[in-house]
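Colleague: Here you go, one structure.
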Amino acid sequence: MSLINKEILPFTAQAFDPKKDQFKEVTQEDLKGSWSVVCFYPADFSFVCPTELEDLQNQYEELQKLGVNVFSVSTDTHFVHKAWHDHSDAISKITYTMIGDPSQTITRNFDVLDEATGLAQRGTFIIDPDGVVQASEINADGIGRDASTLAHKIKAAQYVRKNPGEVCPAKWEEGAKTLQPGLDLVGKI
């Protein structure tokens with residue numbers, strides 16, 4: 001089921017904050033008020049997951065410039081996130097919040113729970129300041145994501161939000177021409 005244009009559901013969870021090296025509570029309200037990226041992954045101490053999360057960290061500075069808060073989520077506990085951060089070269093670079101979801105509440109809310117394994121699927125969600133999902137990507141377990149595409153999607157989502165009535169065509173870049181859907185464009189693209 002698509003979550004596009006749907007408001008995120010309530011949750012409360014414990015998270016590891018690598019910037020402060022401490023645990024904290026996170027709720028759906030923390031994903032509101034600014035743009036957010038929520039990146040679900042199957043498990044800590046695994047294989048593809050650390051490559052994805054390191055890639056996301058490599059894009060973190062650019063995402064911060066766009067006013068985006070970044071969160072990762074797995075069904076591991078916040079304690080396991082801390083241990084992984086302390087022992088993995090790739091994960092030790094992470095500075096964004098790592099949410100633990102052992103109750104599977106958030107994972108179910110975003111419809112990325114693999115019921116057979118109890119683990120999260122590889123899902124990425126872009127959420128606007130109102131807490132509404134604007135974009136999503138879900139991949140099979142063996143297919144890692146490319147975080148470099150996030151900034152492009154966020155810029156387009158931010159532009160469309162600020163410019164009602166305009167849409168961004170494929171491969172749109174900031175400053176490029178947009179489209180204004182209407183009868184005058186039907187059959188002319």
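Each Cβ is built from the backbone N, Cα and C atoms, and glycine gets one as well.
The active site, cysteine sulfenic acid (-SOH) intermediate annotation in Swiss-Prot covers C49 and is backed by similarity to another entry. Per Swiss-Prot, the feature domain 'Thioredoxin' maps to 2-159; the stated evidence is sequence analysis.
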Colleague: When you measure from the Cβ of the residue listed as 'active site, cysteine sulfenic acid (-SOH) intermediate', how many other Cβ atoms are you left with inside 10 Å?
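Modeller: 24, counting other Cβ atoms within 10 Å of the residue listed as 'active site, cysteine sulfenic acid (-SOH) intermediate'.
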Colleague: Looking only at the domain 'Thioredoxin' (2-159), what is the model's average confidence as pLDDT?
Modeller: 98
